[in-house]
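Asks: Copied straight from Swiss-Prot:
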{"type": "DOMAIN", "residues": "338-495", "note": "domain 'SSD'"}
{"type": "CARBOHYD", "residues": "146", "note": "N-linked glycosylation site"}
{"type": "CARBOHYD", "residues": "199", "note": "N-linked glycosylation site"}
{"type": "CARBOHYD", "residues": "229", "note": "N-linked glycosylation site"}
{"type": "CARBOHYD", "residues": "233", "note": "N-linked glycosylation site"}
{"type": "CARBOHYD", "residues": "647", "note": "N-linked glycosylation site"}
{"type": "CARBOHYD", "residues": "661", "note": "N-linked glycosylation site"}
{"type": "CARBOHYD", "residues": "692", "note": "N-linked glycosylation site"}
{"type": "REGION", "residues": "1-67", "note": "region 'Disordered'"}
{"type": "TRANSMEM", "residues": "94-114", "note": "transmembrane segment"}
{"type": "TRANSMEM", "residues": "337-357", "note": "transmembrane segment"}
{"type": "TRANSMEM", "residues": "369-389", "note": "transmembrane segment"}
{"type": "TRANSMEM", "residues": "391-411", "note": "transmembrane segment"}
{"type": "TRANSMEM", "residues": "441-461", "note": "transmembrane segment"}
{"type": "TRANSMEM", "residues": "475-495", "note": "transmembrane segment"}
{"type": "TRANSMEM", "residues": "558-578", "note": "transmembrane segment"}
{"type": "TRANSMEM", "residues": "759-779", "note": "transmembrane segment"}
{"type": "TRANSMEM", "residues": "781-801", "note": "transmembrane segment"}
{"type": "TRANSMEM", "residues": "813-833", "note": "transmembrane segment"}
{"type": "TRANSMEM", "residues": "849-869", "note": "transmembrane segment"}
{"type": "TRANSMEM", "residues": "882-902", "note": "transmembrane segment"}
């Protein structure tokens, strides 16, 4: 990502060219690209683009003894290999250009395997092997359901087909006959929807609705009662349970925005006002044929709901809607919104590359080389993605972020190689120039590739499949970027080098006819390009002559320290404010119809959470009084929990004890206890699917239900889940808690653990790499400091930018480690390697050598992902936000904090 460029005149480091490349004596050569003789003692200045190389001893002299901190154990062999590779590419440019092109064309055929089927959200965005998935398997294997006869939403183990409508009154309350009349019209219109299939058959709501007894499950129990008896007094309702003709109606979860009055019987309160109502249309799901017909009805519902709402001309109420299909459909539609941004991203990167690589003279100008360099990066994306699809790695929507990142990161190697080329002498052959350029950039582009690829591949250890697949795709594509940079792009540079030779010879011709044109177009400053490669970029001079001296003044250091203190305090505070977990509404685009639905649900229906099963997982002696007392004790602990409403507990055993007492039977006798269960279920059929009796007349498992409250935030969901599981685990009776929502709630408990583990693994990998390639203790310390500081900063400022800690942001935190390493390792190494006498001058020299490459790397990456800021989906905007924070804080550490802090030690 960053070039560690050494300016001319700072250290007269020279490296003897190999015998096969550089001649041993001065002679005029006719080699292609050779302009004039180059005496061996007038070699061009060395431009190191990695950590400075050890000076090689003159031929025939004994090498000096090694220094204590010998740093070229890997660097020297790597540079030697690249030197030979550069000579080979320079001698055969067309081979190394066409080879990657053909490889890209071959691997690109894998794009035909881009998935056409639906992406499983649960599989991709919930933790692998989460406890809730094991709990679900237990429920499915021990408890049956029947959505064609006795459906109960709280007893289902997985999400069923449904359509949900939230009705919000324009008045203070909808508990008025006029409002109920409008809602009733809406309800009848929904139930009247019918699907006409291609074969002419119709799918009617009564055919696909989930049933209890012989009728469809009412979408709202109070509305159903009012429809049966319009004289029902809506001003005398009790909450959360209301009695209608000796029948209990649960209003909790069906009415929101409530104003409660005085207490009535028991623990009920008078329902004075209610602003919102929920209508839930449950459909059959268990039978595959029924499921298909239900989904066809839901699709028809989605296609025609807005037209139906317009036809009804509802005046007193506003409605929003959502179905069990909505999240999946909207998630798939989200990916289409980002496709146009690819074109904009490539245009911006090409413009940036052209501006960065343009020169005023036509010989050194690398405008078209930069353009082809961007296409080389695009080839790596096609190759990497094609290879992954060929071997069957699933492509998930989050991977669509990857090309934007690769585009920004991939061009960094291009800038480094062009910079090294510009430092070579025009008097050398193309092969020699490319060979020298390769040897200079070997360590720089290799170390940045290794660190970034390692950072991504550590993400494979994540518990989220979406993170695994993103990291596999991106890490592999970065390897292709590296491979194409040293082959395809090197060949492009070699071909452009031949162009330089042709133009140079043309400029040298004493042709008076074109002299004015030459001066105006090709040599605007009236002098020929420097043949020895002295190419001081204005930005390098800015860091050396202005920024560096200013930053090392006492006042500037004091201000920098204050800024850092403010930065780290703010970041630590923000770390404690970060929300955990992926809000499922964020999987859809901003203009999706599900967004207002979730907003209304959060505003009016957040008081009551999921209804949780409390499952006795093993055979216990329910007729034993001690066992019942232990079980009652555990149920009391559940009810006393801050996230549980004790008034809405439902447990068959409690009802059975009352039944046994009313019938005068002894509940402490096994035979009496077991023989009366059948009669009990006849009176209370609702408990039929809560007791699992084996053929040997043993209760192998049973369940009750508790109602959760106040779990609207992700932190409360996490605490509720952990506390309920803790109570179940500590109970003397084997218990388990489960609700289908726990499948997604588990991410809240897993995300921090996964993030910490991935960050630790990646940081350890970076530390090992730093010791191997730049083994200086001071460098390792500053690399560790920078990584920790940037991670804390990015995590903290995520909270200020309304970004959750989820599987998407976890990816970026892993990326953060690679960039922090790049920005800090080179700066600190340049500082400790400097021969300047004072720490201030060492810092200035480090900025002179690396300030512009750090800035260029940050800008190119930000440009690559900045178009995602215009995306209409959270998952893409989040990627931009965090990458911007990573680049901004990483560059700030490399350009400001570390150069200042190094002067204090």
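Cβ coordinates come from backbone N, Cα and C, glycine included.
Note that the structure is a prediction, hence the values are computed from the model and not measured.
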Asks: Out of 475-495, 813-833, 849-869, what stretch is closest in contact terms to the transmembrane segment (94-114), meaning most Cβ pairs under 8 angstroms?
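Replies: Comparing 475-495, 813-833, 849-869 against the transmembrane segment (94-114), the winner is 475-495.
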Asks: How many Å lie between the Cα of residue 647 (N-linked glycosylation site) and the Cα of residue 199 (N-linked glycosylation site)?
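Replies: Between the alpha carbons of residue 647 (N-linked glycosylation site) and residue 199 (N-linked glycosylation site) there are 51 Å.
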Asks: Rounded to a whole angstrom, what is the C-alpha distance between residue 233 (N-linked glycosylation site) and residue 146 (N-linked glycosylation site)?
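Replies: So the Cα of residue 146 (N-linked glycosylation site) lies 34 Å away from that of residue 233 (N-linked glycosylation site).
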Asks: How about the transmembrane segment (369-389) and the transmembrane segment (475-495): at least 3 CB pairs under 8 Å, pairs 6 or more apart in sequence, or not?
Replies: yes
Asks: Where the distance is taken from Cα to Cα, which of the glycosylation sites 146, 229, 661 turns out closest to residue 199 (N-linked glycosylation site)?
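Replies: The smallest Cα gap between residue 199 (N-linked glycosylation site) and any of the glycosylation sites is with 146.
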Asks: Would you mind reading off the Cα separation of residue 692 (N-linked glycosylation site) from residue 146 (N-linked glycosylation site), to the nearest angstrom?
Replies: 15
Asks: Taking pairs 6 or more apart in sequence, does the count of Cβ pairs under 8 Å between the transmembrane segment (337-357) and the transmembrane segment (441-461) hit 3 or more?
Replies: no
Asks: Under DSSP, is residue 661 (N-linked glycosylation site) part of a helix or a strand, or is it coil?
Replies: helix
Asks: Summarise the model confidence on the domain 'SSD' (338-495) as a single mean pLDDT, whole number.
Replies: 86
Asks: Return the single residue from the glycosylation sites list (199, 229, 233, 692) that has the minimum number of other CB atoms within 10 Å.
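Replies: Relative to the other glycosylation sites in 199, 229, 233, 692, 199 has the fewest Cβ atoms within 10 Å.
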Asks: Please determine whether the transmembrane segment (849-869) and the transmembrane segment (882-902) are in contact (criterion: at least three Cβ-Cβ distances under 8 Å, sequence separation 6 or more).
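Replies: Yes, since the transmembrane segment (849-869) and the transmembrane segment (882-902) share at least 3 Cβ pairs closer than 8 Å, they count as touching.
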Asks: Please indicate, using numbers and ranges, the residues of the same chain that are 6 or more beyond the transmembrane segment (558-578) and have a C-beta under 8 Å from a C-beta there.
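Replies: That would be 551, 789, 792-793, 795-800, 804-805, 896-897, 900.
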Asks: So which residues does the transmembrane segment (882-902) touch in its own chain, when a touch means Cβ under 8 Å and the partner is 6 or more beyond its ends?
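Replies: For the transmembrane segment (882-902), the list is 405, 548, 551-552, 556-557, 560-561, 563-564, 782, 786, 789-790, 793-794, 797-798, 801, 803, 809, 812-813, 815-816, 819-820, 822-824, 826-828, 831, 839, 842-843, 846-847, 850-851, 854-855, 857-858, 861-862, 865-866.
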Asks: Would you count the other CB atoms within 10 A of the CB of residue 146 (N-linked glycosylation site), including those on all shown protein chains?
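Replies: Within a 10 Å radius of the Cβ of residue 146 (N-linked glycosylation site) lie 15 other Cβ atoms.
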Asks: Take the Cβ of residue 661 (N-linked glycosylation site) and count every other Cβ within 10 Å, whichever protein chain it belongs to.
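Replies: Taking every protein chain into account, the count is 11.
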